[in-house]
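Annotation comment: TrEMBL describes 51-406 as domain 'SAM-dependent MTase RsmB/NOP-type'. Taken from TrEMBL, the feature S-adenosyl-L-methionine binding site covers ASP194, ASP222, ASP245. Annotation comment: TrEMBL describes CYS298 as active site, nucleophile. Per TrEMBL, the feature region 'Disordered' maps to 636-657.
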Amino acid sequence: MTDLIENHKQEEKMEKPKNSYRLEKFNKVNEQFFNYYRLQEIIPPNEWDMFIQTLREDLPSSFRIQNCLPEKETLIQYLEEKYFAPLRDLNDESIHAPESILFVENAFQTNMSRSTVRSHPILRDLHEFLINENTIGTMSRQEAVSMVPPLLLDIQPQHLILDACASPGSKTMQIIELMHKKSSHPDGLLIANDVDYNRCYLLVHQTLKRMPTANCVVVNTDASQFPSVLGPDSKPMFFDRVLCDVICSGDGTFRKNPDLWRTWDTQKALNLHKIQNSIASRCFELLEVGGLMAYSTCSLNPIEDEAIVAQLLRKFGDAIELVDVSQQLPGLKRVAGRSYWKVLDKNLKEFSSYNEVTSNLKNVFVPSMFPPSDEESKRFNLHRSFRIFPHHQNSGGFFVALLKKVAAVPGFDPAVQPRKPPMKKRRRTFREDPFVFLNDNVEELQSDLEKHYGVDKAQFPFNNILIRTHNTEKKKCIYYVNDKLRDFLRVNSERYKIVNAGVGILRRVDKVSASQFRLMQDGLDALLPYITKRIIDVDEDDMTLILNGYEDNHYVPLQHLNCQEILSQIECGSIVLHLKKSNFETHVTGWLGAHTVSAFISREEKIHILSMLGQDASKLKLKVLTVRKEKGLKKLANGGGDGGPKEANQEADLEVD
Ligand SMILES: C[S@@+](CC[C@H](N)C(=O)[O-])C[C@H]1O[C@@H](n2cnc3c(N)ncnc32)[C@H](O)[C@@H]1O
């Protein structure tokens, strides 16, 4: 094994030019991994070859239509008619039309490798379309098995939810969607947390930019020390739901991260076990009685999976129950969790109990790594947790356990702040702009919105408006939060490093305009129910022209529009363009100039609307493709594409063309 790693290192030094990561062919062998899992006997011997063979194959691409998207049905029909059916009709064995993922609603998977995408124009076009839709959040590209934990949590709009290890946010996105499924303005709150400050921004960029919402806050803290949330009365609150998708060795992701063939070793799981334990334990403490917590990893290793669940069951005794989810998600093939596993050192020598661990290794191995006693096994029901194997449904590997708090934890006082571990190295100072509620400074805004947009100040919750600076004169962007997020920020701002909260609804404008503020598309949903002026009903021809632009210019002269007369009677400034065509309805923020009108949304959003209307979007698609190519080239020139963070890899095959 050591030789193998050494060989790789040598080859790397000699042959690998900088940034050639994606071009390199991996030798998909790791003897230590093979031997470790053979010894664990998790995979039945007759499935072993299939297991390894599947790990060596590329992971299919999977995508999910946004759960709460009003035009979900129109989008699915569009995909079916424009791409899926024509691909099936090709009757070409080498080309697979996307197929439904059986355990997730409106989710599909297919092979989207570079060579496949290049093999047919329909696939190429579909690939581009999916990138667009993913960019604007109407669709999310997410590994199929990673969609499982939020689906088990029975998420409701009013819940207080903690996503403890949230970045890059694929499950955060799913939770937000589930909260919005039954209510377009959920009154619950999602706290998305990650210990890594930069990854908090990745989360904001990859999730909240695509799904702006008034009920989510991003905080940056160590989940194992997570401070309890104080309610409006300053009393600690408990979470209705917790997602504990912990950091792990990730050996369920070999297919997505081929670098693991080179880097996997037994130590990673052993090193992570302690922090996984602490995070899971703290999260469970903060759960409401009757509340649910999903513990999940993308690792197949029992040291990171059942051992953590067993320790929770041991520690919380009568307060905890491992929930039987065998009847949920019927299409999902899974294997019951185990009550027995082996604890192995790096030479794959087994310790059958903690007593056998030699004193020099007591800092590596801890008692919680060992399987439960016979008596514990009977009580724990570890078979209710489950593992997903890659070869069972052409997916990645995953582990999930659903835990319920059935009674209060005796002696636990949520008011007591957990001890902060000593900081190893001082990280750079946290310099976020403060979140400041407008409160007394809201009059100017109130009268502006009332005069120009017809927003009744008695109706709109102006208490929920905030800016991100103490200097109210400098406020450029105005954010909106729901009631629970407002209360959270008021009471808890000093307790958390808050990275992002709420949704931008208005922006101050410098141009000649009726109002000092223009409407932002991100927050339009929040403001729309209160706006009674400057909403213009347009017909399909006008909307198509405004979205496509006029002669390569996105400002469309009014004389070319059917709604010219209506628009010419309105003062310049921000407007809402409204169109309803059978099941599809859209509100688009726009800008009305003296002689022109334009849509204030991204090119990708324009493509989406045009596609839903069945209109031609080819000009915009070409522009988007050109811009993406230029960005890709710039990134490559700046040293991108070197296999950096995992997220970059996950997006890799979406970014290429
Ligand atoms: C497996 S990833 C989470 C993936 C994410 N849930 C998703 O679905 O996109 C684990 C995350 O945990 C974060 N993490 C590691 N240690 C942590 C800690 N002590 N507290 C909170 N987050 C932590 C890592 O920075 C990483 O972003």
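Each Cβ is built from the backbone N, Cα and C atoms, and glycine gets one as well.
Unlike curated records, TrEMBL annotations are generated automatically.
Computed from a predicted structure; not experimentally measured.
Structural mapping of features recorded in TrEMBL.
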{"residue": "ASP194", "record": "S-adenosyl-L-methionine binding site", "Cβ neighbours (10 Å)": "27"}
{"residue": "ASP222", "record": "S-adenosyl-L-methionine binding site", "Cβ neighbours (10 Å)": "18"}
{"residue": "ASP245", "record": "S-adenosyl-L-methionine binding site", "Cβ neighbours (10 Å)": "23"}
{"residue": "CYS298", "record": "active site, nucleophile", "Cβ neighbours (10 Å)": "24"}
Over the domain 'SAM-dependent MTase RsmB/NOP-type' (51-406), work out the mean pLDDT and round it to an integer.
96
ASP194, ASP222, ASP245 excluded, remaining Cβ within 8 Å of their centroid (S-adenosyl-L-methionine):
ALA164, CYS165, ALA166, SER167, ASN193, VAL195, ASP196, ALA223, VAL246, ILE247, ILE279
S-adenosyl-L-methionine binding residues ASP194, ASP222, ASP245: largest Cα-Cα distance, in Å and rounded to whole number:
14
Considering only the binding-site residues ASP194, ASP222, ASP245, which fall within 10 Å of CYS298 (active site, nucleophile) when distances are taken between Cα atoms?
ASP245
